[in-house]
Amino acid sequence: MAQVEDYSSLHRLRKNSEILSNANKILVANRGEIPIRIFRSAHELSMQTVAIYSHEDRLSMHRLKADEAYVIGARGQYSPVQAYLQIDEIINIALEHNVSMIHPGYGFLSENSEFARKVEDSGMIWIGPPHNVIDAVGDKVSARNLAGKCNVPVVPGTDGPIDSVEQAQEFVDKYGYPVIIKAAFGGGGRGMRVVREGESIADAFQRATSEAKTAFGNGTCFIERFLDKPKHIEVQLLADNYGNVIHLFERDCSVQRRHQKVVEIAPAKTLPVEVRDAILTDAVKLAKAANYRNAGTAEFLVDNQNRHYFIEINPRIQVEHTITEEVTGVDIVAAQIQIAAGASLQQLGLLQDKITTRGFAIQCRITTEDPAKNFQPDTGKIEVYRSSGGNGVRLDGGNGFAGAIISPHYDSMLVKCSTSGSNYEIARRKMIRALVEFRIRGVKTNIPFLLALLTHPTFVSGDCWTTFIDDTPSLFEMVQSKNRAQKLLSYLADLCVNGSSIKGQIGLPKLTRDADIPVIHDINGWDIDIKNTPPPESFRQYLLDYGPEQFANQIRAFDGCLIMDTTWRDAHQSLLATRVRTIDLLNIAPATAHAFRYAFALECWGGATFDVAMRFLHEDPWDRLRKLRKAVPNIPFQMLLRGANGVAYSSLPDNAIDHFVKQAKDAGVDIFRVFDALNDLEQLKVGVDAVKKAGGVVEATVCYSGDMLKPGKKYNLKYYLETVDKIMEMGTHLLGIKDMAGTLKPAAAKLLISSIRKKYPSVPIHVHTHDSAGTGVITYVACALAGADVVDCAVNSMSGLTSQPSMSAFIAALDNEINTGITEQNAREIDAYWSEMRLLYSCFEADLKGPDPEVYNHEIPGGQLTNLLFQAQQVGLGEKWLETKKAYEEANMLLGDIVKVTPTSKVVGDLAQFMVSNKLSPKDVERLASELDFPDSVLDFFEGLMGTPYGGFPEPLRTNILAGKRRKLTRRPGLELEPFDLKKIKEELQSRFGNSITECDVASYNMYPKVFESFKKIQEKYGDLSVLPTRFFLAPPKLNEEISVEIEQGKTFVIKVMAIGDLSPQTGTREVYFEFNGEMRKVTVEDKLAAVETVTRPKADAHNPNEVGAPMAGVVIEVRVHPGVEVKKGDPLCVLSAMKMEMVISSPVSGRVGEVIVHENDSVDAGDLICKITK
């Protein structure tokens, strides 16, 4: 049976369309994008192609684009770069596989005359100028001499190479500075050093020669005068073997960094015609004088007086040849191959008078460099690679594909992007569009820098010079790519593999669908179209129109008792560990704006929500405030301000408080509830004054504690009225009564409010309590009847227990006798949403079943009680909860029976847990005070960083606790602190986190430096997680479950988890596969469970003072000693963190550190051995 020929085979197609009968197989002695470019032209000429590659390049794209590919050397025989410099091995491969032509590309051996000679001697065709021409023009010194013979101007320089620093110095003495030392061979900016007056000529010479030797195998250099701010113009030349030379016009290569081209333009935009003509004429003249053959480039500098100077001839193809091809229509690589095979320019139709340019073209080199880090090359795996395209866009790529490994061994270029248009501006705009379309993830790229460059006015005008980048620091004020998709997928992938990492979460959300948004009705019972109906004006508009004082008068004049809804802040702090996220507040915000339009305010910001947003929810609290303000423009917002502490746990410099309050006011806060946790009026005044300066509404607040009607109590009616008197003297728009624990009983409330009202009839009184004992509604009714103007409530499903009293219950209890501004119907409508939120956040619920009248004894604040329970469980004291509550009472009395509000309530809680963990009675604490390592918060309190408690500090306990550790402050803490240098802080943050740092970020950092830094790192890793629906923030999607994530208006990600790969035992990672907007994506995640091994730590001997143990469970965040160091008693050994509590572990004895058992980030249990001290 006759064999049937495969007419569709590539071999058959080539045979039928063969052009070069004497040369049909080409080897490219290079790597990356240039072999691919050459292979493409070779395929068009029906040639077979051969690639070479190093072991490190075995996965590179150029190997796959050739018909055949052969490795250079055995693994480890050559370095990654040396492999491409093995002349004899490359030639042997070519001969062994019947190669007829060798193209050197650019770089590596492209300008090596020995390589060219050996190829010619072997009988193969060298695609490039002959070896003797390379010697003549490749040596820049020889090229300068050639220019002199042709009367082509050159920059003043040495007649030949220089061999010593002394010769370089002689040239400087004759011509002056600045000068440039240049490698005689090679290019690409390597082996070049500019030396200005005052700089070391010796160092520059040594670096230039060393770099040239490394890059090109030849360290020969010469020196010439350096022109300041010239243009770099190069002319593309083509010459055949018969003496014919043409030019393909010029390229403007002035945009450079360290003498390496970054962006190129063809033709030059601003070059005068006469200068262009002179340069083109001189370029052709030089090529003919050198008997040049094949493709090459003559390079010139043009000074600011439009005088041109010849620099060199590059005897090879250039990286930027693509844009000349775009404007002339000439395939330069195909011409190279055919000329080398014997074709004349005339045969190729390349006649000078027939060649013209059409429009403009621009080329950008997209590299894996980080411009923000001085263009430091980035390495790693490309996770996502989506390129540009379309009209006027050309891509010449190398290793740009998803999954490519970017190694540190080679050039960092991924792809060359060239755009063309009928004029310069069109080409520029196409380039901007093309760069914006690129999506490259997994490695840093220079695209943000290129975009900044392309939009700079100097580039727009085409007037750049060779040092433009170095002279223009504003180019580095880049808009970074957000990389939102890949970051979000990284979080979901980690969630799929490792589960939720949100602290405090137990189990999964019980709500597994989107919550329903309720229908809101107006006073006539009609449905309100909340999407298309703007919220009605209310108290906030009055505030904006008339200011804080008239606003206060309007509130006082209201006939009834208004309600502030705390659902958005204190309610979820008290019930759900402050874990409610921004997205769930925003979902109900439009409905709330209508339903609660006559509410006094929404408490939505400040207090614990501020740091928890960053610390645990990975959200920006300022972003939350701005978004909520936009969604609810009509209802006043109130925040909680801890006086001189801001929203921190101890005092800050006064200017930090002023700065914070101003940012909060500008971002949308209207009313500031200002309090001091000890009712220290000096501390309180700092916050009050800051609010006044910012133009906010001041609600100066008295913190209520205990039972004022109980005989002998420290805080009685007389105390509270005297405190109110001083606050009124200070000046406030509203007066707040803040009952954090819910110990304000109805009778006490009636007496307190009526007493204040009698004395101050015109000031609005605003009461806050917690319903821990179950008596909150009764207390509020008493307050309303006694003359209170505002009370704090939460919607039904978010009320009670440690939260605020029920809004609906309060409204119903008043039985319409007192107007609250909110109807029961609207309260129920909003509550329907929050009842579903309780299910969504059920994994943060505290195990509280009902009211706890015991609060009248232990006085634990409502917002703290659930968090304290959670903390106790985290540090191993969950089974000792009753002991902890009892210890809280005892700790309070040890501290002097203080007012307990954040942060002083935290001090009591930390001390209580410390006592239970270390089995200490109050007498033990007093007896051992000078020896114990107390939590930092306790030390802060006794030092005086939180102010001075009413009645002073307990002595001698204070003295003993601080002995050898802290000093005693004798005046307000803020006066002891140096003002923050806010400008310097912002600059430092910008240097670390980029130019996107705002004044609000500075304020966050001032409050919580470590928390802010950690948040920015999470944000850098995962992006903006606030857009992720909560059920997918806390629990992974099911396989093949489609989820939608709206990242901004009109832009939605559609995501589906397709598979989770097996564990890689070598790396301890798994690959998670997603379908993202219909495309497959893969994310590699460390399997943290797979890497976990059971570690049994030795325990410290409690009876041996030389063995230091952990006083409680936590994480080691800092180790301050190492074996062999001398320590004294009380010297810090390490810092332990348990939830929000930090503790310095100090040495119990003096001696030498013998062994340190722990390291940073180690988890330890109570009693675990930290280190040993030897005498």
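Glycine is treated like the rest: Cβ placed from N, Cα and C.
Swiss-Prot names ARG569, ASP570, ALA571, HIS572, GLN573, THR902 for binding substrate. Of ARG642, ARG828, ARG972, the residue it gives for the same site is ARG642. The candidate list LYS738, LYS745, LYS750 contains one residue that Swiss-Prot assigns to the divalent metal cation site with ASP570, HIS768, HIS770, namely LYS738.
A gap of 12 Å separates the Cα atoms of ARG642 (substrate binding site) and LYS738 (N6-carboxylysine).
Taking Cβ-Cβ distances under 8 Å and a sequence gap of 6 or more within the same chain, the neighbours of ARG569 (substrate binding site) are GLU603, CYS604, TRP605, GLY606, GLY607, THR609, LEU640. Taking every pair among ARG569, ASP570, ALA571, HIS572, GLN573, ARG642, THR902, the residues recorded as binding substrate, the greatest CA to CA distance is 19 Å. Averaged over the domain 'Biotinyl-binding' (1099-1174), the predicted model has a pLDDT of 86. Put simply, LYS738 (N6-carboxylysine) is 14 Å from ALA571 (substrate binding site) when counted between their Cα atoms. HIS572 (substrate binding site) counts 28 other C-beta atoms within 10 Å of its own C-beta, drawing on all protein chains shown. Here the domain 'Biotinyl-binding' (1099-1174) is broken down by DSSP into helix, strand and coil counts: 0 helix, 40 strand, 36 coil. Across the structure, GLN573 (substrate binding site) and LYS738 (N6-carboxylysine) are spaced 16 Å apart at their Cα atoms.
Annotation for LYS738 (N6-carboxylysine): same-chain Cβ neighbours under 8 Å, separated by at least 6 residues, are ARG673, PHE675, THR701, VAL702, CYS703, TYR704, HIS768, VAL901.
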